[in-house]
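> Handing you this structure, nothing more for now.
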Amino acid sequence: MTANTLCRSESDRLPIRTKLLFGCGQGVEVSATFVANTFLLFYLTSVAGVSPAVAGTIIFLSLVVDAIADPFIGSWSDRTQSRWGRRLPFMVVGLPVICVASVALFSMPLTGSTGSTVVLALLLNILLRVGTSLYALPYAALTAELTSDYDERSSVTAYRMIFGFLGTVVTIAPAFGIIFATKEAYASRDAYLQLGGLLSAVVLVMGLICILGVRRAVLASPAEHLPPAATAKSFLGDLRDLLKNGSFIRLFMASLTALIIGGSMNALNLYAYSYFWKLPASLNQAPLLGFQVGLLLGIPTTALLLKRFEKRDVVIGGVALISLCQALSVLLAYAFFGDMPNLTATTILVIASAIFGGCNSLFFIAFSSMIADAVDEHEARFGQRCEGLYFSSLVFAAKAAVGIGSLIAGLVLTAVGLTTAGGASARIPAESATLLGLLWGAGHGAAFLLVLPFLAGHRLTRTRHQQLLQSLKHLRAARAT
């Protein structure tokens with residue numbers, strides 16, 4: 001292996017057909033995660049009769065278990081040998097697990113916050129989350145195995161993002177347009193049974209298209225060639241070095257904080273739409289579709305910004321924008337636009353949701369890129385290359401943050417006086433609707449500012465990174481001799 005091996009990738013372009021079929025698999029994780037994050041808290045409190053705090057705790061615990069399981073699933077798939085390769089067997093197992101868990105979770109007995117209901121909800125939610133990881137983690141690893149070309153991997157990832165968007169749309173449209181077309185449907189057991197069936201169908205179709213479509217390409221992919229530094233230390237040794245890297249700690253805390261706040265907002269969305277914005281059931285999909293449009297438009301916008309400005313500064317700008325828009329949307333609607341719903345207030349909500357979606361794309365792309373820079377810094381300082389350890393930390397942060405965010409959302413709902421009764425709609429006192437809206441909007445907008453202190457200390461600039469790359473050339477040359 002030469003000194004330039006780590007920096008070089010051979011030209012290995014994939015047919016568009018393969019990229020289309022592979023990209024389809026991204027719809028599995030995105031659809032399952034969207035349904036769980038959007039509907040689960042509402043379902044547990046409004047239909048299953050579980051108290052808000054307990055429901056938030058159920059989601060939190062299931063996500064913690066899932067986050068802990070992730071590195072074990074990834075490591076297990078790395079070591080697996082079969083005629084279907086290393087990754088596909090896990091995807092084949094994960095697919096039916098997601099389908100069964102999604103139907104079972106949304107058909108729970110309506111017995112309220114009893115011990116058996118809480119335990120069953122926890123176990124089924126864990127099954128859904130872990131099943132999704134069984135499919136999604138090996139699937140993501142295939143991005144690096146299908147091609148070794150740097151630019152082609154970016155192209156493959158773009159196809160994944162497009163199909164992730166499409167997977168969300170084909171779930172959102174029938175969910176809000178047909179299944180939950182009326183207010184009464186949100187407290188209907190039958191509606192959630194249909195939701196479980198919808199998710200199962202979307203996951204099964206998109207997952208099978210991916211597995212069957214890319215099987216030959218996966219089996220024909222060249223073996224990975226890892227540098228010696230990747231295995232020179234133990235897991236615990238790499239972890240100790242990781243915690244000594246200030247750039248990583250700051251990025252991890254910034255992403256964790258942003259994800260917690262976003263997770264809490266997402267968990268409260270349906271309550272805010274219903275009680276503060278007073279949207280009819282048929283319009284609940286409007287802000288969610290606005291979010292998806294913003295998410296899609298945010299991809300090229302972020303790419304342009306990152307070419308012109310420092311990554312840290314782009315993220316700081318995104319944090320400031322999302323904080324301002326989230327707070328202003330609620331304050332303007334409350335102060336100036338009278339009784340809701342009305343067209344002006346709803347338009348403001350959709351615009352704010354689109355901006356939130358665009359900033360989500362910005363955070364995902366920029367944080368991932370900044371973590372990659374931190375990997376180079378880690379290698380320069382400690383002589384080890386730990387991509388898996390670094391990027392698994394982001395996955396852990398994302399999943400744990402959704403759980404913590406749901407826990408916070410449950411506490412917020414308890415504070416504003418949400419009451420539940422098995423089989424009946426959850427209710428929030430009319431006088432608390434404004435408080436809920438202010439906490440959802442201005443409260444979360446202010447909370448996003450907590451991200452800024454972590455970013456302010458980030459010093460891994462474009463110039464500094466170029467200096468690191470020069471140092472790494474000498475380090476890799478020394479390893480090769």
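Residue numbering: from 1, along the chain as shown.
Quick reminder: no glycine exception, Cβ is built from N, Cα and C everywhere.
Sequence annotations record features per position, and here TrEMBL assigns transmembrane segment to 20-44, 50-69, 90-110, 116-137, 158-180, 192-214, 248-268, 288-307, 314-337, 343-367, 388-413, 433-456.
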> Short question: which residues 6 or more past the ends of the transmembrane segment (90-110) have a Cβ under 8 Å from it?
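Distant contacts of the transmembrane segment (90-110): 25, 28, 32, 35, 40, 43, 47-49, 73, 76-77, 80, 84, 116-117, 120-121, 124-125, 127-128, 130-139, 189, 192-193, 195-197, 199-200, 203-204, 207-208, 210-211, 422-423.
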> Grab the same-chain neighbours of the transmembrane segment (388-413) for me: Cβ-Cβ under 8 Å, and only residues 6 or more beyond its ends, written as numbers and ranges.
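For the transmembrane segment (388-413), the nonlocal Cβ contacts are 37, 41, 45, 52-57, 59-64, 66-67, 70-71, 74, 129, 137, 235, 238-239, 242, 248, 252, 255-256, 259-268, 271, 367-368, 371-372, 374-375, 378, 428, 436, 439-440.
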> Which of 50-69, 116-137, 158-180, 248-268, 433-456 has the most Cβ pairs closer than 8 Å to the transmembrane segment (20-44)?
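Selected stretch: 158-180, with the most Cβ pairs under 8 Å.
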> Could you give the residue numbers and ranges of same-chain residues that sit at least 6 residues beyond the transmembrane segment (314-337) on either side and whose C-beta is under 8 angstroms from one of its C-beta atoms?
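Apart from its flanks, the transmembrane segment (314-337) reaches 254, 258, 265, 276-277, 302, 305-306, 344-345, 348-349, 351-352, 355-356, 359, 362-363, 366-367, 370, 434, 437-438, 440-442, 444-446, 448-449, 451-452, 455-456.
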> Let me spell it out: take the transmembrane segment (288-307), skip the flanking residues so only those 6+ beyond its ends count, and list any with a Cβ under 8 Å from a Cβ in it.
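For the transmembrane segment (288-307), the list is 38, 158, 161, 165, 168-169, 172, 176, 269, 314, 317, 349-351, 353-362, 365-366, 369.
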> With a Cβ cut-off under 8 Å, give me the same-chain residues at least six positions beyond the ends of the transmembrane segment (50-69) that come close to it.
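36, 40-41, 44, 112-113, 117-118, 121-122, 125-126, 128-130, 132-133, 267, 395-396, 399-400, 402-404, 406-411, 413-414, 418, 420.
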> With Cβ-Cβ distances below 8 Å as the criterion, list the same-chain residues six or more beyond the ends of the transmembrane segment (116-137) that contact it, or say none.
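Apart from its flanks, the transmembrane segment (116-137) reaches 25, 28-29, 32-33, 36, 40, 44, 48-50, 54-55, 58-59, 61-63, 65-66, 69-70, 73-74, 77, 90-91, 93-95, 97-98, 100-102, 104-105, 108-109, 207, 395, 399.
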